[in-house]
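Noted in Swiss-Prot for the protein shown:
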type	residues	note
DISULFID	28-49	disulfide bond
DISULFID	34-54	disulfide bond
DISULFID	38-56	disulfide bond
MOD_RES	22	pyrrolidone carboxylic acid
SIGNAL	1-21	signal peptide
SITE	48	site 'Basic residue of the functional dyad'
SITE	57	site 'Aromatic residue of the functional dyad'
C-alpha cells in the first residue's frame, strides 16, 4: 500500500508543470539560445530548445 501511494505521488509530482509550458515560433539549436527569448517574452529565462523551437516555462 505504501509503495502504491509513493508511486502515485511521484507520478503527480513529475506531471506538474508540463501543461504550463509556452511554445514559441523561435527556432533554436541549443537551450542557451532560448534563455533571452523567454526572458523577453515572459520575464523569466526559464526555457529549453525542444524539436528545434524554444519552449518557455513561466
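Note: Cβ is positioned from N, Cα and C throughout, glycine not excepted.
The two recorded residues, residue 54 (disulfide bond) and residue 48 (site 'Basic residue of the functional dyad'), have Cα atoms 6 Å apart. Applying an 8 A CB threshold to same-chain residues 6+ apart, the list for residue 34 (disulfide bond) reads 24, 26, 28, 47, 48, 49, 54, 55, 56. The number of other Cβ atoms within 10 Å of the Cβ belonging to residue 48 (site 'Basic residue of the functional dyad'), over all protein chains shown, comes to 17. The secondary structure of residue 22 (pyrrolidone carboxylic acid), as reduced to three states from DSSP, is extended strand. Ranking the disulfide-bonded residues 28, 54 by other CB atoms within 10 A of the CB puts 28 at the bottom. Distance noted between the C-alpha atoms of residue 38 (disulfide bond) and residue 57 (site 'Aromatic residue of the functional dyad') is 8 Å. Of all Cβ atoms in the protein chains displayed, 13 besides its own lie within 10 Å of the Cβ of the residue listed as 'pyrrolidone carboxylic acid'. Rounded to a whole number, the C-alpha distance linking residue 57 (site 'Aromatic residue of the functional dyad') with residue 22 (pyrrolidone carboxylic acid) is 6 angstrom.
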